[in-house]
Structures are given as C-alpha cells and as structure tokens.
Amino acid sequence: MRIVMIGSGYVGLVSGVCFADFGHSVTCVDKDDTKIGALKAGRLPIYEPGLDELVAKNVRNGRLSFTTDLAGPVGEADAVFIAVGTPSRRGDGHADLTFVYAAAREIAHAVRGFTVVVDKSTVPVGTGDEVERIFREESPQADVAVVSNPEFLREGAAITDFKRPDRIVVGFEDERARDVMTEIYRPLYLNSSPLIFTDRRTAELIKYAANAFLAMKITFINEIADLCERVGADVQQVARGIGADNRIGSKFLHAGPGYGGSCFPKDTLALVKTAQDHDSPVRLIEATVAINESRKHAMARRIIRACGGEVRGRTIAVLGLTFKPNTDDMREAPSLTIIQALLDAGVMIRAYDPEGMEQAKPMLPTITFCADPYEAARGAIAIALITEWDEFRALDFARLAEQVADPVFVDLRNVYPHEEIERHGFRYVGIGRRSPQPN
Ligand code: UDX
C-alpha cells in the first residue's frame with residue numbers, strides 16, 4: 001500500500017515508520033521544513049526508544065521518505081493519514097481542529113482516484129463528518145472515504161504499542177475503506193491483534209472514552225492513596241489486591257503525583273466539553289479533571305510539610321521533570337505545577353532529568369539545571385523524586401547524604417521501600433504507604 005502520513009509529530013512519525021517497517025511504502029509530510037530537513041539527515045525531533053534505528057533502516061530500504069510537498073505523494077496514495085496536532089483551544093478546552101481541517105482542504109485538492117482519508121489525530125465525535133463535508137465543498141469530484149482510526153500508543157513504549165496493540169479500531173462508512181484498512185493492518189491482525197470495525201462516530205468516541213477511563217483509574221488510585229495514609233493502609237498492596245481481579249486489571253493503578261502528558265489532560269477536558277455541549281455531562285470525568293489538578297498542588301504542599309514547613313530561601317532538589325520516564329516530553333508534566341508552587345513559596349530548585357531538560361529550560365527559567373542527581377542534591381533540604389526514570393532506581397544514598405543539607409526524601413512515585421532509604425539516615429515520605437507521613 002502507498003501511504004501518506006500528514007504530520008510528523010509523535011503519532012505521525014511512529015505510525016509512519018512502523019507502517020514502512022510492515023512493508024508499506026510511506027511518505028511522511030510536514031509543513032515544518034526544519035523538521036523535515038532534520039529527519040532527512042537522520043535526526044529525530046522527538047526522543048523515543050528504538051525509533052532512530054527503525055527510521056534509518058526503513059529510509060535505507062527505500063520504504064520511508066520525508067517531504068514538505070503534500071500534493072505529489074497524496075496524488076499517488078491509497079491512504080492518506082491525518083496525524084496533526086489537536087491541542088486544547090485556548091479559553092474553552094475544546095479540541096482545536098484548525099490543523100485537521102487545513103490538512104483536509106489541502107488533501108482535497110491533491111487526491112486522484114479512490115483514496116481513503118484516515119483521521120489518526122484524536123478528534124471529537126463528528127469530526128469525520130466535517131472532514132467529509134470539506135471534501136465535498138472543496139473538491140466535489142474527489143472519490144474519498146473518510147475513516148476514523150484512533151491511535152492508542154504510549155510515549156516511551158510507542159513502537160511496541162504500535163506493533164502489538166491490544167486492538168485496532170477502525171470507524172468507516174464506506175465498504176471500500178474497510179478493504180483498504182484491512183490490507184494496511186494485515187501484518188498486525190495476522191499477529192492476532194483484534195481489528196474492531198465500527199462506524200465513524202463510535203470510533204471517535206472510543207478514543208476519548210479510553211483515555212478518560214484510564215485517567216479516571218489513575219485518579220481513583222490516587223484518592224485511595226490519600227485514604228491509605230489516613231487509615232494506615234498501603235496503596236501498593238491495595239492496588240495489587242484489586243488489580244488481581246480481571247474485571248479491574250492491574251495496570252494504571254500506580255499512585256503518583258497526578259497524570260500529565262500530551263493526551264490525558266487535553267482529552268479528558270475535550271470529552272467534558274463535548275458532553276456538556278450535548279447536554280449529557282460526564283460527571284466522573286469532570287471530577288477526575290478537578291481532582292488531578294488539585295493533586296499537583298497537594299504534592300507541593302506535601303514536599304513543603306516534609307521539610308517541616310520552613311522553606312523560604314531554602315533549596316529543594318527535584319529528580320525527574322518529564323511527565324513520565326523514557327520521553328523528553330514536558331507537556332502538562334506534574335513537575336511544572338509542583339515546581340511553580342514551590343517557587344511561589346520562596347524555594348530555590350535544583351533539578352535533574354535524563355532527557356527532559358532541553359524542553360524544560362524555557363518553561364522553568366529560574367531554576368538550576370544540574371548534570372546528575374548528586375549535583376542536584378547539593379545543599380538541599382529535601383530531594384523530591386517526581387518522575388520514575390530507571391536511573392533513579394539505584395541511587396547512591398550514601399553519596400546523596402554527603403550532598404544534602406537535610407536528609408529528606410520525598411518519593412512521589414513510590415520507587416523505594418522506605419526501610420532502604422531510612423537505613424541511610426534519610427527521612428522518607430512516599431505516596432499512600434505505611435511510612436511515616438508529614439503532619
Ligand atoms: C496515553 C495513553 O496511555 C495512550 O493510550 C494514548 O494514546 C495517549 O495517552 P501517554 O500520555 O504516552 O499515553 O502516557 P501514559 O503511560 O498513559 O501515562 C500518562 C500519565 O499517567 C503519566 O503522567 C503517568 O505518569 C501517569 N500514570 C500512568 C500514573 O500516574 N499512574 C499509572 O498507573 C499510569
């Protein structure tokens with residue numbers, strides 16, 4: 001199949017490269033010529049484990065190319081995927097569809113012969129209908145079928161998630177599109193990943209419902225963690241105990257500082273807005289959004305309490321800035337809110353993150369960025385672990401103890417058993433555990 005991927009961001013790039021790896025011929029298109037120039041030179045705009053090798057391999061074997069020219073490749077394509085950004089619209093939280101509609105207009109003028117146009121971007125229910133309307137308006141003679149094919153990959157595990165998905169969801173209205181999509185995903189369902197065919201609006205809603213459910217699951221365990229602290233229970237054991245029930249499942253039950261990233265915050269908000277517009281509010285998700293927001297501030301207060309409350313003019317070390325490990329993505333990272341609240345309380349921050357510091361620097365211009373955890377700990381009255389990077393799983397506490405002004409370790413990801421850290425003379429504060437909590 002000849003595939004064109006419009007938008008070389010996270011989803012577009014990973015999907016494009018993986019389709020090429022399945023044997024399809026893929027052209028990735030982006031308006032940003034700096035990005036395309038870098039990709040052509042083998043430099044990736046994002047950090048994703050394994051992606052650079054996969055790009056290099058498929059460029060070498062001629063199945064993958066990059067260009068800023070949309071019209072040429074679209075005219076030749078069997079399927080054109082739209083994988084452009086759908087950020088939150090300023091002011092009202094609705095998904096901003098400007099880029100999706102602009103891409104549709106351009107595609108409309110370039111298609112030749114029957115072409116399947118696939119929405120891979122996360123878009124609100126009804127966007128497929130609107131894209132179809134744009135095609136009718138811009139180019140009435142174009143023979144296109146618009147399909148919704150949401151992507152469920154996670155950053156940091158994107159290639160595995162794409163190649164071994166729990167399911168592939170395809171929403172279509174035209175039988176011919178079903179055949180093309182079946183052909184495109186053949187290597188995956190041969191691998192026994194179920195292909196779920198449905199109508200377009202249902203597919204669009206599945207994506208939002210999935211993300212909202214996961215965000216709610218995390219928020220649920222976060223609230224249970226707070227309760228565990230009050231009643232002297234251990235949230236990790238609770239998660240284990242409930243997760244063993246197949247109906248609940250053990251994943252996404254890690255209590256932490258609140259969810260972040262490019263999807264959950266934006267998609268939960270967009271679902272809330274869509275539901276309100278249709279006079280069918282999703283109150284569980286409204287509560288999820290509010291609880292997650294207040295949690296980040298509560299985390300800052302927890303760190304301050306762990307320091308005894310007197311923090312003005314003192315230094316706190318932060319380990320981990322990205323919204324989760326194995327990515328350089330700082331979008332909606334809980335660390336941003338937590339650090340801002342600490343700065344507002346007069347704290348000086350020394351921070352270290354393995355991949356996120358380039359993105360973080362302009363977002364946090366007043367903090368000190370350090371070369372490693374030990375440099376970050378210098379003179380600190382507490383070390384706060386915010387993102388669970390593997391390299392923070394075996395910290396040298398004896399060495400950290402030599403650096404800090406006060407041995408306090410606030411573990412917002414429950415990476416360590418508290419006994420281990422206390423053995424090194426640190427006071428330990430975790431999340432929802434039976435370790436002593438600050439009052
Ligand atoms: C998410 C969805 O998982 C994916 O299916 C969708 O396509 C895009 O959004 P991603 O944003 O890459 O993927 O990250 P994910 O691993 O889902 O984590 C999101 C946030 O939730 C992170 O801040 C993470 O730290 C947090 N999280 C996740 C928890 O706090 N606890 C958990 O148990 C799981």
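Glycine is no exception: its Cβ is also placed from the backbone N, Cα and C atoms.
All TrEMBL annotations are machine predictions without curation.
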Can you match one of K57, K273, K324 to the substrate site that TrEMBL gives for F152, L153, R154, E155, K207, F252, L253, H254, A255, G256, G260?
-> K324
Select one of R331, R350, R378, R393: the residue that TrEMBL places in the NAD(+) site alongside D30, K35, T86, T122, E155, K266.
-> R331
Out of these binding-site residues, K35, R154, K207, which one has the fewest other C-beta atoms within 10 Å of its own C-beta?
-> R154
Using CB under 6 Å from any atom of ligand 1, narrow the binding-site residues K35, F152, K266 to the ones that qualify.
-> F152
Indicate the candidate from K266, R331 with the smallest number of other Cβ atoms within 10 Å of its Cβ, considering only these binding-site residues.
-> R331
All chains considered, the count of other Cβ atoms within 10 Å of the Cβ of A255 (substrate binding site) is 27
Are there any residues in the same chain, six or more apart in sequence, whose C-beta is under 8 angstroms from the C-beta of C263 (active site, nucleophile), and if so which?
-> T122, N211
Rounded to the nearest Å - Cα separation of E155 (NAD(+) binding site) and G260 (substrate binding site) | 12
